[in-house]
Number of protein chains: 2
Amino acid sequence: MATLNVAEVVHELGRLGATDRAVAFRLLAKDRAVEVFEDLDPALQAELVASLHGHAAAIFAALDPDDRAALLDEVPAGVARRLLAALPPDEHAATTALLGYPEDSAGRRMSPEVVAVPVGTTVGDTIAQVRAAGDDAETVYVVPVVADGRRVRGVVSLRRLVLTDPATPVDAVMSPATTVRATDDAEHAANVVRDGGFVGVPVVDGEDRLVGVLTVDDAMRVLEAEDDEDSARTGGAEPLRRPYLSVSVLGLVRSRVVWLLMLIVAASLTVGVQSYFEDELAQVVALALFVPLLIGTGGNAGSQAATTVVRASAVGDVRTGDVARVVGREMLTGLLLGLTLATVGVGPAMLVAGPAIGLVLALTVVAVCTLATTVGSSVPLLAKRVGIDPAIVSAPFISTFVDTTGLIVYFSIAKAVLGI
Amino acid sequence: MATLNVAEVVHELGRLGATDRAVAFRLLAKDRAVEVFEDLDPALQAELVASLHGHAAAIFAALDPDDRAALLDEVPAGVARRLLAALPPDEHAATTALLGYPEDSAGRRMSPEVVAVPVGTTVGDTIAQVRAAGDDAETVYVVPVVADGRRVRGVVSLRRLVLTDPATPVDAVMSPATTVRATDDAEHAANVVRDGGFVGVPVVDGEDRLVGVLTVDDAMRVLEAEDDEDSARTGGAEPLRRPYLSVSVLGLVRSRVVWLLMLIVAASLTVGVQSYFEDELAQVVALALFVPLLIGTGGNAGSQAATTVVRASAVGDVRTGDVARVVGREMLTGLLLGLTLATVGVGPAMLVAGPAIGLVLALTVVAVCTLATTVGSSVPLLAKRVGIDPAIVSAPFISTFVDTTGLIVYFSIAKAVLGI
């Protein structure tokens, strides 16, 4: 292929600096520019809009209402007002309706321009309505069937419509609808779309009335953004919210420095603990040799448990009601892991450090692994229960916490066994 | 709603033990059972098949060929042979064709039963072909337009077909096709579907001939499995490949113990390093107090860099050719992070440990942060270049490596500054 397709152009733009990107974007033909713009990250869209002046309003008007709402979240308030004001009245109404839903809700991400038909409509008439909507409706692959004030009674796919005799009433061929609430968390709604393998899912208000459809491509974007966020926080940083190479070095520093500072403050507890046991350390310097190994192992066991539980909770395999069951399983897992490591490692440890310190190490490994998996699994789930993103209190915080408590366990066992 | 929908049934089944799951599954009506089965994890499908005896063949025949291929990867070879043998001849052919592509390739995950039309076909005739295929074709939302021995010339969406006058030739309304190769990595192909917001993408062979379509729901599953894998390995464990609560405690131990053992072997290098500097440690016991804090900070900085780069590489934002650029950025980021932490922390450190050790700590933090981001970003990218999953050499390995080298840096700086 001689020319790049839209996805490739989007990718290449994401790798350029802001100025080069603006120049490259202006070189695109108008129709292509709109397609490319639609697929860019909202953060990059916002930058482009700021640099496009006159062209911005035309491109903005060509977007779907949900893409418009996402962009408005990114640009400064003054720019947002100007862009909204330039919209034709009906587009304006569709966009402000979306902005009425809370951020990160399904309502913000849905397509409000939906073809829906009342119960009793024939398949032929339904197809005619799809035709009449033309390119205005963002999705026509899922047609909700409604009754009684837009309450959803079922859905019929465009595929089913094409396969069915036109005189059949839609109710005869519709399937029961899986719906989500407009106020539902967007991630939950996107999981519903993915788990069911749907092309789209009707979105309803508090009284079960149809307000839009969450389409599969919007769901995929929601999940990608959530995965970005979980992945960044698991690594102890804030999500970048835009392609890596388009972020400046200062931007990278900004996404990480607060986490590092918080973690270093938490880690300074380890200094306190070791100062408290300084006499024992001075008496048996050999104890110091194994500190990095022990706290490293505790950190690893804790981060395994935390990562597993955070992920299981993100995909919906584990719910907040499962805390006791999950923590019980993880505690037992940690105990078995600790016993395995102690059994395998006790020989070499005794050879290196003598039988007494070898025993201390073996006992500490068992205790620290059990502690780490217990903390690593319970803290994220408890955080979720009180409304904190479980990914925030994941691996790095667990490691730091386990470092401190692990040291207390280590020196306490050493004091008891060695009699110091 | 009084009854659970398919997605909810799938979810609840994933939370049961193997025996309860088999019993609950047998209670489902036949048609519903097939729908539920389709959406289950392949690992759970394999277990069910083993427990279903006579029913298994019927359910197996009702699956789409790509779902069948995924299931065959999970069941024992003997069971796979029996299931394949019981298939009608055409279904048998479609399934074995898929099994000819390498594991984790787009060819394994595509739908081979596709409606495609030659260039010149009218829209009306194309719709007629979609109708004729009926429920046999897994996807009809994307109709490839072919010429010259099934070479893909474009695609037309079912939506466009419905909106267009039946007498128009499809070539007049088709769009240029973004295609993927059957031998492409499934994750890459799924990223193409997601980034372009496609309902499906034609899959072609080495000579650009159409062999199938990768649909958006299959793409979402591929990406979910890849995210599971990346997330598990970032946390230092093997992916579970099935819902968390359906994994036994021994299964959890198995997914983690090899990683923990390897990491503990690597971490034993820290014991060696500290033994080497044991004299210095005995002379200035205060040095030992800051070891957990320093290596924790190095580990955190390294895991931030590794996680960011692994993710950017998974979504395609960073390629293996970008190694130099990425590592340069990360090195600078690490230097700036280290300088910030040193500036903020040097005051408290001097108060606690005196000016000399305070200086040692400040210098070490700068060096360790720079080292950590450099290693954290380069190792995953280099691993990818030689064909190793970058997530494997992520956070836990980086931390362990940084622990060891960080200790060498720390004691060397201490020797130089303190003159010991």
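Including glycine, each Cβ sits where the backbone N, Cα and C put it.
As annotated by TrEMBL, domain 'CBS' applies to A:110-172 (among others).
According to TrEMBL, the feature domain 'CBS' maps to A:173-229 (among others).
TrEMBL lists A:257-277 (among others) with the feature transmembrane segment.
Annotation comment: TrEMBL describes A:283-310 (among others) as transmembrane segment.
Residues or ranges marked as transmembrane segment in TrEMBL: A:331-351 (among others).
Summarising the annotation, TrEMBL assigns transmembrane segment to A:357-379 (among others). Within its own chain, the transmembrane segment (A:357-379) has Cβ neighbours under 8 Å at 284, 286-287, 290, 294-295, 297-299, 301-306, 308-309, 323, 326-327, 329-331, 333-335, 337-339, 341-342, 345-346, 349-351, 393, 397-398, 401-402, 405-406, 409-410, 413-414, 417-418, counting only residues six or more beyond its boundaries.
Within the chain, the transmembrane segment (A:391-413) has long-range Cβ neighbours (under 8 A, six or more residues past its boundaries) at 229-230, 233-236, 259, 263, 266-267, 269-270, 273-274, 277, 280, 287, 290-291, 294-295, 298-299, 301-303, 305-307, 310, 314, 360, 363-364, 367-368, 371-372, 375-376, 379-380, 383. What TrEMBL records for A:391-413 (among others) is transmembrane segment.
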Inset, instruction - Would you mind splitting the domain 'CBS' (A:173-229) into helix, strand and coil residue counts from DSSP? - result: 26 helix, 16 strand, 15 coil
Legend entry - For the transmembrane segment (A:257-277), distant same-chain residues with Cβ under 8 A (at least six beyond the ends): 236-238, 291, 295, 396-397, 400-401, 403-404, 407-408, 411
Legend entry - Composition by DSSP (helix, strand, coil) of residues within the domain 'CBS' (A:110-172): 23 helix, 20 strand, 20 coil
